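Inspection log for the structure reproduced underneath, given as structure tokens.
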Amino acid sequence: MLKLLIIVLILLLSVSGDSAACGRAEYFTGQECCLMCGPGYYVSRHCTEYFSTTCLPCPPLTFTEVPNGREACRLCSVCDSSAGLRVKRECTPSSGAICEPLEGHYCTAPRRGGCRAAVEHTKCKPGKYIKQPGTAFSDAECDDCVGETYSDGSFTSCRPHTQCELIGLEVLKEGSSSHDTECGRRPNSADVIVGVIAGVIVIATACGAGLLIYLKKKKRKRPNCGKIFHW
């Protein structure tokens, strides 16, 4: 058992030694130190004792950002709107796509100057105001309206209730934390009676005029019997 461990250690040391002997722009294949492919390329065929590394361009929607010994390019990230994302930087053969939160969203999974997932900002409910607006990397904060103030949920500060008496009106509906006071004029009983009488007069006049017109038309259409039976 001890001999086996010694053999494994010797092999590992020999491999690491060979790898360490490769230059900064080279990679170790297990047999040779091969030149790396540049950004935007991948290794199609490793080098041999007689041939250099064969590199090919990354296919569409794939990339490599740094000199590499990869046998395949990396897949570009997809900025999915269903995940609350949009494209901040398009993917190219030599650089990956960078996503950012959609408008009204914030990032929940930051990633190297971009974002992997985002959710919609919290919407404040009526009776609360936006204490802290949301950003691309933080959620919105809400707080309660207190005293004689209100907010429909979209305000950045609570607004005072309208004082109806200051504008010469009466309170029709008291304000709450979610809506303003409703002001207006309450009709008195005399105004109601006058309105009803005026309405009745207008209707009666219209009906009377209509009846007169109807009777006149009917009278014109009555046949002249004397002319019909004249001998």
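Note that the numbers count up from 1, one per residue, in the order the chain is shown.
In case you wondered, yes, glycine gets a Cβ from its N, Cα and C as well.
According to TrEMBL, CYS73 forms a disulfide bond with CYS58, chosen from CYS58, CYS76, CYS79. In sequence order, GLY40, TYR41, TYR42, THR64, CYS73, PRO93, SER94 are the residues of the chain that are 6 or more apart from CYS58 (disulfide bond) and have a CB within less than 8 Å of its CB. Other Cβ atoms within 10 Å of the Cβ of CYS73 (disulfide bond) number 23 in total over all chains.
DSSP assigns CYS58 (disulfide bond) to coil, not to a helix or a strand. Mean pLDDT of the predicted structure over the repeat 'TNFR-Cys' (57-99): 97.
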